[in-house]
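Colleague: Here you go, one structure.
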Amino acid sequence: MAVKKACEMFPKSLIEDVHKWGCMKQTGVSLRYMMEFGSKPTERNLLISAQFLHKELPIRVARRAIELQTLPYGLSDKPAVLKVRDWYLESFRDMRAFPEIKDSGDEKDFTQMIKAVKVRHNNVVPMMALGVNQLKKGMNSGNLDEIHQFLDRFYLSRIGIRMLIGQHVELHNPNPPLHTVGYIHTKMSPMEVARNASEDARSICFREYGSAPEINIYGDPSFTFPYVPTHLHLMMYELVKNSLRAVQERFVDSDRVAPPIRIIVADGIEDVTIKVSDEGGGIARSGLPRIFTYLYSTARNPLEEDVDLGIADVPVTMAGYGYGLPISRLYARYFGGDLQIISMEGYGTDAYLHLSRLGDSQEPLP
């Protein structure tokens with residue numbers, strides 16, 4: 001079997017160690033804790049952070065490696081999934097081989113090692129998409145719920161691993177931008193992020209269609225709160241891109257001017273909520289349950305079937321294989337928020353992105 005062959009690349013002792021660490025308890029971290037702890041990146045704090053990651057990251061990586069070996073319907077045997085599983089095993093091996101962190105020299109070496117781990121895992125999402133696509137061809141849709149639940153757990157865990165590594169690495173930046181603590185912006189303007197994401201999405205729309213609907217943004221431009229701008233940009237880009245495409249395709253042959261996309265930013269006591277509204281014709285009610293799945297996209301997969309699995313630069317993109325909405329919802333949920341879609345077939349769609357303003361939600365730990 002392919003799984004057995006792949007495992008033979010790694011010593012039996014490593015596989016046993018993976019199972020041992022995969023049974024250990026994970027420790028969740030809140031946005032507020034990351035912000036407060038990282039606000040003083042002293043040598044001592046960086047040492048404490050590295051010591052925590054030295055114990056925590058192998059647990060999280062081991063859990064995913066075990067799950068990648070035991071997927072249903074033969075998904076574990078797909079070449080793309082085997083490649084991802086090998087990345088996780090290699091990263092686990094590197095982390096476990098790293099000695100106890102005792103001083104700042106150890107901490108700096110550890111930071112370089114986990115930076116390399118993060119780079120190794122850059123293409124996990126498109127590679128897993130390729131594996132699922134290889135599996136999907138021979139399955140009926142009734143068997144895909146279990147795969148979907150696995151992918152939710154897997155990608156949520158990946159967001160957490162990359163956040164922990166990225167936050168620690170970024171704390172070493174000798175010249176951090178104003179009001180930033182690692183990846184976190186303590187005074188992030190959701191209006192500004194929404195504007196930047198909208199401009200990026202419109203440029204893609206112009207490239208594909210030659211024109212793009214207007215986007216109007218409403219809210220208090222002076223309002224700020226602590227959040228991770230890269231996460232919000234990713235979510236807003238996906239929502240706006242979907243709305244632009246829907247409106248553009250609905251009005252492409254119409255004499256009417258395409259109506260604008262409307263973005264409203266509301267700052268509540270518990271949540272910051274961003275609504276993205278379009279008049280792109282909406283989604284049929286029968287199709288709504290499928291918009292958050294990874295498995296029913298009608299768009300063309302940008303990854304070619306004959307991709308060389310030895311090459312590390314598979315194109316990193318979410319466009320084309322239907323991962324934008326489910327991944328965006330996971331990013332929202334990672335820090336205690338959510339994403340809801342309400343559609344009116346024949347008119348348009350409203351997307352509600354809820355972001356926890358309190359910042360004290362523990363990471364969800366799948």
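In case you wondered, yes, glycine gets a Cβ from its N, Cα and C as well.
Among the features that Swiss-Prot reports, phosphohistidine is placed at His121. The feature domain 'Histidine kinase' is assigned by Swiss-Prot to 122-359. The annotation ATP binding site is assigned in Swiss-Prot to 238-245, Asp278, 297-298, 320-325 on the grounds of similarity to another entry.
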Colleague: What's the CA to CA span in angstrom from Glu238 (ATP binding site) over to the residue listed as 'phosphohistidine'?
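Modeller: Just about 22 Å between their Cα atoms.
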Colleague: Cα-Cα separation of Lys241 (ATP binding site) and the residue listed as 'phosphohistidine', in Å?
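Modeller: Spelling it out, the Cα of Lys241 (ATP binding site) and the Cα of the residue listed as 'phosphohistidine' are 26 Å apart.
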Colleague: Return one of helix, strand or coil for Gly324 (ATP binding site), based on DSSP.
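Modeller: In three-state terms, Gly324 (ATP binding site) counts as helix.
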Colleague: State the Cα to Cα distance, in Å, between Leu244 (ATP binding site) and the residue listed as 'phosphohistidine', rounded to an integer.
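Modeller: Leu244 (ATP binding site) to the residue listed as 'phosphohistidine', Cα-Cα distance: 31 Å.
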Colleague: Which ones in the same chain are close to His121 (phosphohistidine), with CB under 8 Å and 6+ residues apart in sequence?
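Modeller: Sequence-distant Cβ neighbours: Trp87, Tyr88, Ser91, Arg158, Ile161, Arg162.
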Colleague: Taking all residues of the domain 'Histidine kinase' (122-359) together, what is their mean pLDDT?
Modeller: 88
Colleague: Report, as a single number, how many Cβ atoms besides its own are within 10 Å of the Cβ of Glu238 (ATP binding site).
Modeller: 26
Colleague: Count the Cβ atoms, other than its own, that fall within 10 Å of the Cβ of Gly324 (ATP binding site), considering every protein chain shown.
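Modeller: So the Cβ neighbour count for Gly324 (ATP binding site) comes to 22.
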Colleague: Provide the number of Cβ atoms within 10 Å of the Cβ of Lys241 (ATP binding site), excluding the reference atom itself.
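Modeller: Lys241 (ATP binding site) is surrounded by 20 other Cβ atoms within 10 Å.
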